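**Student:** This is the structure I have questions about; it appears just below.
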């Protein structure tokens with residue numbers, strides 16, 4: 001069924017209908033524009049929300065908790081979700097809005113041409129009908145005049161009083177009128193035939209062609225709206241898998257929260273290492289002289305005060321250092337936050353953590369400075385080989401400065417390693433996590449008994465102290481795959497990722513209770529090596545799968561989330577860690593270009 005045959009007499013209604021159809025198309029375009037604006041605003045507000053809740057610099061200490069890490073991952077997924085909403089808005093603009101605009105413009109132009117052609121055809125038919133009407137009126141007038149002339153001639157012919165000349169005049173008039181009537185009749189017949197032909201062609205060929213063209217345009221508009229609606233839904237569907245992955249990431253972030261691990265980290269952060277105060281002994285003043293009684297009381301109070309002081313938080317101790325050390329000795333310079341250089345004003349456990357973090361920081365700086373020095377040396381060699389590339393003396397000053405920096409960093413590293421050795425000689429509380437960890441004695445696992453003795457799988461009991469330092473990246477690349485298991489086999493405490501690279505710890509002789517191996521403080525120290533896990537610098541997600549083909553590297557799967565424990569030093573490799581349920585932690589290097597890193601603030 002076509003408009004040309006079924007709606008041959010509905011020209012005006014078709015013109016109105018096609019106009020309303022194009023207006024409806026423009027209305028749908030406005031709907032898409034409004035939705036596009038909402039999508040853009042939603043994406044912008046999501047990004048602003050994630051930015052406002054990003055961890056501040058002062059909150060970076062809390063980033064080690066799994067709940068905080070999960071929240072940061074949620075913020076990252078929110079950013080990705082905002083990006084997908086921006087993709088939806090951009091696709092709607094490029095695919096839907098521009099398509100509707102082009103289609104609307106085309107339909108308006110084609111409709112205008114069709115209506116102009118239809119108006120022209122209507123005018124031609126109206127003109128022909130007017131010409132037919134005029135020819136018919138002329139024929140009617142000429143026919144009446146001819147009949148009147150015939151009647152006049154008959155009357156004159158019957159009248160005997162009229163002369164022959166008068167009768168002949170009436171006859172000539174009758175003949176002329178009859179001729180005019182015949183001419184008008186022929187003209188009317190010609191106009192009628194011409195009008196019928198034009199009218200038949202108009203309603204059977206010309207006007208149906210115009211109406212059918214309008215029908216095609218209207219169907220094209222309807223079909224376009226259908227495609228645009230489906231296209232808008234396809235735009236949404238195309239990002240649905242990515243949005244689903246964002247939501248899965250949020251679920252995984254929530255599932256990664258471990259309340260026990262966070263509780264353990266709270267212990268690691270705030271544990272002082274002091275033992276709780278013992279019972280205050282009863283003092284019988286009747287059996288003691290006054291002087292010894294006062295001295296004993298003073299010693300007890302002082303001992304109790306020192307023990308209680310160990311339970312004070314590190315922040316409060318920092319504030320008190322600036323007050324009580326005004327007139328004290330200045331053997332240790334103060335850091336920017338008011339602490340001593342060797343952190344001796346902190347509780348033992350916190351002091352060890354600070355020293356280990358400082359040593360890890362110095363080792364990282366040494367590695368960076370060493371890489372910079374090696375680069376300058378290579379540049380100097382190139383300049384010496386080809387003087388046209390540059391003057392080798394220009395690099396000499398930078399090399400000297402780099403050597404001085406490197407030497408100073410090594411001196412600082414040795415100094416802090418000495419601080420750490422002395423700090424490790426301070427006995428820890430028996431219930432501290434450090435005391436419950438597994439120790440490594442000459443590369444073999446040992447466990448501490450309650451009496452202070454040790455069990456070693458090695459037959460010879462000779463203990464050699466290490467250099468007190470920790471392995472740098474360059475020293476550990478060859479054996480990074482040989483990771484020690486940080487879980488305790490004999491105690492409930494587990495290894496903590498609080499420290500940096502594996503530093504050597506010395507246990508104080510005599511710290512046990514009644515051990516046959518206890519020595520006096522002045523004798524040779526009994527050293528133990530405790531391998532500690534590196535502090536994670538952030539997380540990374542594998543963009544591509546990677547197969548480990550070289551020593552020191554580890555494989556990874558696409559989408560796997562790993563911990564970053566050492567950033568790229570310019571060689572294209574990043575050191576990462578993953579939790580292995582069977583062997584503890586796995587560490588190794590992966591290509592930096594294969595991962596997407598998110599470092600902690």
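From the backbone N, Cα and C atoms, a Cβ is placed for every residue, glycine too.
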**Student:** Have a look at 248-274, 275-301, 302-328 and point to the one annotated region 'Disordered' in TrEMBL.
**Tutor:** 275-301
**Student:** By DSSP, how many residues in the domain 'REM-1' (345-422) are helix, how many strand, and how many coil?
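**Tutor:** Across the domain 'REM-1' (345-422), DSSP assigns the residues as follows: 71 helix, 0 strand, 7 coil.
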**Student:** May I have the DSSP-based helix, strand and coil counts for the residues of the domain 'SH3' (535-600)?
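**Tutor:** Per DSSP, the residues of the domain 'SH3' (535-600) fall into 3 helix, 35 strand, 28 coil.
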